[in-house]
Structures are given as C-alpha cells and as structure tokens.
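Annotated features, as they stand in Swiss-Prot:
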type    : residues                                                       : note
BINDING : Gly148, Gly149, Ala150, Gly151, Val152, Gly153, Lys154, Thr155 : ATP binding site
Amino acid sequence: MADGKIVQCIGAVVDVEFPRNAMPKIYDALKMAGSELTLEVQQQLGDGIVRTIALGTSDGLRRGMIIQNTGNPITVPVGKATLGRIMDVLGNPIDECGPVSHERTASIHRKAPAYDELSPSQDLLETGIKVIDLVCPFAKGGKVGLFGGAGVGKTVNMMELINNIAKAHSGLSVFAGVGERTREGNDFYHEMADAKVVDLENPENSKVAMVYGQMNEPPGNRLRVALTGLTMAEAFRDEGKDVLFFVDNIYRFTLAGTEVSALLGRMPSAVGYQPTLAEEMGRLQERITSTKTGSITSIQAVYVPADDLTDPSPATTFAHLDSTVVLSRDIASLGIYPAVDPLDSTSRQLDPLVVGQDHYDTARAVQGTLQRYKELRDIIAILGMDELAPEDKLLVARARKMQRFLSQPFHVAEVFTGAPGKYVSLKDTINGFKMIASGELDHLPEQAFYMVGTIEEAIEKAKKLN
C-alpha cells in the first residue's frame, strides 16, 4: 500500500496526503511509521488528501510525518480469547495480563443483519428489581435504556442489573465503558472477579469481555469503543450464544461525535450536536439485534443533560429502545432508590398478550393510583390532607405505600447502606402490589414498606414497628 504524509493536524483531526491514484477508502485504518498511533479515515477531500480521526493522542504530530495505509478497517480480536480480558478500542489488552490471542479478528464496521435474519422475542427477562419487572419489563434479545441526569443512579442500577442478570445468566456478557470514570471500570472488573464471572486463573472460562474507552481518552477512542464492544458481542451471537451487552454511557458516544464533528468541517445542528447524529446512532443501534442464530440483549445507560429528556441526544436514543427506564431526581430526593419513575418509564412488553392479564392489570392499577396521587399533591400542598374526600385520603395512603414499596435495597450498594441486597421474583412483586392496591394492607404504616424486598418482609417490619 502507498504511504502518505501529514499535511495538517488540528486536535484529534489529522489530514494526510496520499498519491491521487492510491487514496485510502472511508474507514480505512492508517498507521504511523514507528508508532502505535492509528488514524481512521472519515472523509476524502480530493487531490489525494483524506481527513482522519486519531485513535490516540495527537501530541507530537507534525507536518511531513510518514503515514502507512493498512488497506483495511480497524479489526479487533473476537471469540473466546477476549473473555476475562480488558481491552481498549483497538483490541489491545490494558489489564497487564499479556497479549490477546489473534486467532480471529473482525472489522468494527459491518452492516446490520438483513431483515429476514432477525428474530423477534417475546420472552421476559426477570431482573429481580420490583419497579422494573412491574412497569417496564425487559425482553430477552431486546434493547433497554436507563435514562437519568447526573447523580440519580444510572451506573448503580446498571451494576445491580449486571449483578442480578449476568451472574445468573448462562450465556456471555460484553461490557463497553464509553467515556465514563476509570474508577468505575476498575470496580466493575474486581466485582466480576469476586463473583467468579471473571476467572483470573483461566480467563477463557470467564463469562465477560470488557472494552474501555474512558473519559480521559481522546474523542476518537470514545467514538469507536462502543463499536469495538459490539463487534465482540456480535461474534458471540453469530456462534449461537445468548449475549448481554452493557454500554455505559451511550451519551458519551454522541458527545465524542460532537467533539470531532466541527473539526471535520460539518455545520452543527440543534444544540450544537453533529448533523449526522441520527445516522450515527442508527448505525450503532441497528447492529444491536437478535438473529435466528443467537441473541443480544442490550442494556444502555443514557445520560440526560440538565434532566431534559427532549435534548436531541436522549430523544434520538428513545426511538431505538424496547424498554425505557427513566430515573427521576424528584424520586431520588424522597430517598426512594432505585429512583425509577413508574409513570415515565415504558416498555413494549407491558401488553396483556406478552406479560399476562394479571401482571398487566396490577401494573396499570399501580400507575393509575400514583398518577391520581400526583394530581392531588397540589391540592394537598395548598389546602392540606383534611380537605380531601375520604376516598381520596384512602387513595393517597395506598399510593404512598406503593411508592415506598417500589424502593429496594441493592446488592451493589450493601457497603454504603449496610442493608443486605434483595432479589424479588416477578411473582412476589405482582402479589405484593396486588395486596396494596386491593386494600388488604391499609392497616399497616407506610414506613413498613420502605426498603424491603417482598411483601412478607413489609408485614414483618410492621410488627416490629408496632
């Protein structure tokens, strides 16, 4: 392949000149002679010049430096060799456990599966978290988004889902850390090792592969690391496995695109995002899907800037998801964790034909009661509880019990709360809320329902309070 030379370097964007008859293709990987740095071609400007994004720091680059065209897109190791390992965007190991075997590699850019290869799923994925299982159940092979502003518990919820699903899950998991804190990546690795999901002695017996492009990395790495993780998940799916794919945080993927978009010469669109936002998001999300061979169940954390769900980035993500779990600052401020908003959160699975009539009726009864309580709160704030009709007073009492019963101690938060984590089966969840809605537990104080697992625990707690 022909060599080129750097003609311009602005931050993470580098222009390279090649002979006119040997211009690299879009998405080709370029290597710098005598260095680990990889560049990815984004645009062909004409006259032999291509505009690239550096997947690494561009410090020390200068005009005239020699760049080699590999002739291929970025490829990363896939298959069993990736299990138990921590890799970067290029598939290089960053866990100090030696090189990753390159028996099989795959390009991080590929087309989404054809329509006739797709396999829709109706099976439910039980999470053990009451509020999620009740009002926004997950589908096996579906896509789930955890939406929330800063500090309302996206990562803690994600870790609890990993704890409840990945540890009990017989298949494999891939975790992509996109632009998040390095500390969280480190904690996750050690937690997985303690739970034997990562086998430190025989990594190939592990059940999880980890790919990190943390917030201290250049934008090129953060832009591509989700694709690297997805490529590894697709390889397992194509072998006939059921894969869990966790992404924390999909917003940073968008943000990395925004950072380089202006440098690539594109006009910004709404709120300064890249004009190609919907296309980039679609290209990633359309690949996260289940085929007749195997399934990918994806759980993605989505940061919501300034708690504004109408911001273009979360709004674009909404369109691709089967279930949306919305975390609310108002609920967190009441001390109710997980701070999931049962009125804002939705799921395509919450349909009597999928979950069954009993589950559906219970979920709608809970949502109806909480919605009515929300409407009455203004009256209570102005006139007080005494001005309410007797039936409304009863409804408010039940709604407050439901609200508290939606809280639950988490396994991953045991060290902070001192309370042992609880996993609640779907059957127990439905039974508990049915009893509250029917009025069977009207005689119990509302404190008894706070931070417990099953309804039996709430009844026991009420006895102690008395």
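Yeah, the Cβs are placed from backbone N, Cα and C, and that goes for glycine too.
Cβ neighbour count for Gly148 (ATP binding site): 28 (other Cβ atoms within 10 Å of its Cβ, all protein chains included). Taking the mean position of the Cβ atoms of Gly148, Gly149, Ala150, Gly151, Val152, Gly153, Lys154, Thr155 as the ATP site, the remaining residues of that chain whose Cβ falls within 8 Å of it are Tyr303, Leu327. Other Cβ atoms within 10 Å of the Cβ of Gly149 (ATP binding site), summed over all protein chains shown, number 17. Within 10 Å of the C-beta of Thr155 (ATP binding site) we count 19 further C-beta atoms, all protein chains included. Packing around Lys154 (ATP binding site) is summarised by its Cβ count: 26 other Cβ atoms lie within 10 angstroms of its Cβ, all protein chains included.
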